[in-house]
Every structure is written in C-alpha cells, then in structure tokens.
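Annotated features, as they stand in TrEMBL:
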type    : residues                                  : note
BINDING : G68, R73, D90, V91, T92, L118, Q119, Q134 : S-adenosyl-L-methionine binding site
Amino acid sequence: MGDGVQNETVFYSKAENYWREVEPTVDGMLGGYGKISNIDIDGSKKFLQKFLGQGEGKTGNGCALDCGAGIGRITKRLLLPLFNTVDLVDVTQEFLDQAKVYLGDESKRVENYFCLGLQDFIPQDRRYDVIWIQWVIGHLTDDHLVEFLRRCRGGLRPEGLIVIKDNVAYEGVIPDDVDSSVCRELALVKSLVTRAGLTIVCEEQQMNFPDEIYQVHQLALR
C-alpha cells in the first residue's frame, strides 16, 4: 500500500497553489479550526517536556526546527518558550514574512527562515535538539517522507529528537484533493519511520480535539 500519488510534480504544485490562497492567520493555518490551537499547544508541551532537561538521555534546549511552520504558530507558543533559538521552514514565503510580524520581539531568536518544500530541504548536520514536524507529512510522498526523515536524523544533535504530530486515517490512505495531501493510517506512518532508520521512543494520541476531525497522534523518534 502506497500514497497513491500518480504525478509528484502536480501533487506538489497543487499544494503550493492551495497554501498561497490561505490567509496568513492562526485560523488559516488550522483550516478554520483556530479554536483548537490552545489544546494542541498544551498537548504538545506536555509531550515534549518528557524529553527535555539535563542529564543522560535528555534532549537539550539549544535549537529547534519548525517544519511546515506557516506563520510560526508552533514556534511562538511551543518552541521559543522552550528553546534558545528556532529555525522555520515553509514552502510559502508570505507565511514566513508574516511570521516575523506574528512573532514580535521574540523573532530575534529565530536564526533562519527557509522557504522550501520539505522534499527539498536539507537540515544542517547536527544543528537541532528537536525537529518538530506537525500537520505536514501528508504533503510528502512516501519516498520523500522517508528521505526527509533520514536527513532529519543527520540534523540532530546528540540525544536529539524528531517529533511527528499529524492526522491519522482509520484505515488505508485518504487523499485530499483540495489541499493536495494524503492522510495515512498509523501503521503506514510507522512503517515509513522504520524505513528511515528511526525508532519510535514514545507515542500518544492528542486528546480533546473535536470529534469531526481526524485522530491526531504524536510520535517521538530517534
């Protein structure tokens, strides 16, 4: 079972065109579900703080990477409060331009704004304590997701962590023709993680989201 993507060029260009038309606001980033942002950030913080700290096996708080960062919702609320510096990567330049406004004074602790699709992004070797990948893996084909995760592994500092937080389908792969993405069942996501040479060290379902949206799971990888 694969992602079902027939034409990669069309798959990626349709997604870029979709996001170009989205308002650069929190509500726009969350597809009209801006009301869930606080619940989402609280769940992410509880999950991530299990790994941060001093001592053997703990993840440092030097630098984090926000993948598919949009206007910096996660950077502002989750990553900047926990890390010294943050880099953002997103395919839409308008979102990154707005991030500099949205983040306010804290934007001085953002070192890089990369305007690239994740299929083309190469993290700097051993730069990041945490690479946070939320609501964006559906915009990558299976092969490109595996390749991206492999590159992320090379971008981690010792005891660094990759976190995927995303929608999961009940069964199979569900395409979304509107934003040109796919939603994969959890077993498939896990198999792609394994293909990338990574191990799942913790997994949790995000609770208290509206019933009408997909289940959302968080996976911590090393």
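Cβ atoms are placed via backbone N, Cα and C, with glycine included.
What TrEMBL says about a protein is an automatic prediction, not a curated fact.
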Spatial neighbours, same chain, of Q119 (S-adenosyl-L-methionine binding site) - Cβ under 8 Å, 6+ residues apart:
Y12, L140, T141, H144, E147, F148
Neighbour tally for L118 (S-adenosyl-L-methionine binding site), based on other Cβ positions within 10 Å of its Cβ:
24
Other CB atoms, at most 10 A from the CB of G68 (S-adenosyl-L-methionine binding site):
25
Number of other Cβ atoms within 10 Å of the Cβ of D90 (S-adenosyl-L-methionine binding site) across all protein chains:
26
Give the sequence-ordered list of residues that share a chain with Q134 (S-adenosyl-L-methionine binding site), lie 6 or more positions from it, and have CB atoms under 8 Å from its CB.
S44, C67, G68, I74, V163, I164, K165, D166
